[in-house]
Amino acid sequence: MKVMVVDDNAIVRLGLQSVLQRIEAVHEVIEADSAFSALEAHHAHSPDIILLDIFMPPGRSGLEILPELARDASVIMLTSNRDPNSIREALDAGARGYLVHGQLGINEVAGAIETCRSGGLVLGREAADVMLSPHTQDASNNPLRAQVSDREAEILDLAATGMPNSRIAQQLFLSERTVKNYLNSAYPKIQVHSRAEAIAIWLSPPPTHQ
């Protein structure tokens with residue numbers, strides 16, 4: 001698997017490269033220090049996963065090039081930006097994850113890449129809080145919750161925070177297989193076919209009534 005790191009900070013790139021080189025599934029690490037070089041490297045190397053920063057002066061920002069990169073690769077925003085609007089904009093533009101760097105070790109980075117690679121959505125605590133806050137506040141108004149069981153809704157809530165099945169199982173004192181069975185049972189009820197689709201629709205704000 002090829003992973004590209006896009007960040008204008010050389011120290012950040014060096015640190016991420018060191019972490020990525022220790023992940024067995026990663027066999028090539030590509031670096032870019034600007035939006036322009038990121039687009040060039042993307043076309044030249046066709047990375048599978050892209051770790052993308054938002055602020056890269058001068059020139060275009062990570063958010064501006066995200067839609068183009070996301071057409072052919074899975075993009076995880078890895079940035080110091082905690083702004084709720086930026087988080088929503090990134091996920092709406094096709095990012096498969098949003099993480100704040102400086103808080104991640106090799107296991108967290110490896111887990112995020114594997115989740116993204118398998119079609120999952122990776123949300124750090126900040127992003128999960130932003131995406132879940134309106135949903136949680138208006139949970140009773142979300143028609144999707146009426147279509148699944150209480151346990152299925154509970155598991156979907158946890159999955160939407162980026163929590164893998166193993167951690168959901170530990171938290172709810174269930175087996176991983178049971179968690180997976182609950183998710184598979186919920187998918188047709190909310191008319192989706194994958195975990196990524198389920199999380200995306202589960203995080204959608206409930207309809208408002210005028």
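For all residues, glycine too, the Cβ spot is worked out from N, Cα and C.
The domain 'Response regulatory' feature in TrEMBL is assigned to 2-116. Taking DSSP states H, G and I as helix and E and B as strand, the domain 'Response regulatory' (2-116) has 51 helix, 24 strand, 40 coil.
The domain 'HTH luxR-type' feature in TrEMBL is assigned to 141-206. DSSP assignment over the domain 'HTH luxR-type' (141-206) gives 46 helix, 0 strand, 20 coil.
Taken from TrEMBL, the feature 4-aspartylphosphate applies to ASP53.
Less than 8 angstroms from the CB of ASP53 (4-aspartylphosphate) sit VAL6, ASP7, ASP8, ASN9, VAL12, GLY62, MET77, LEU78, THR79, each of them six or more residues away in the same chain.
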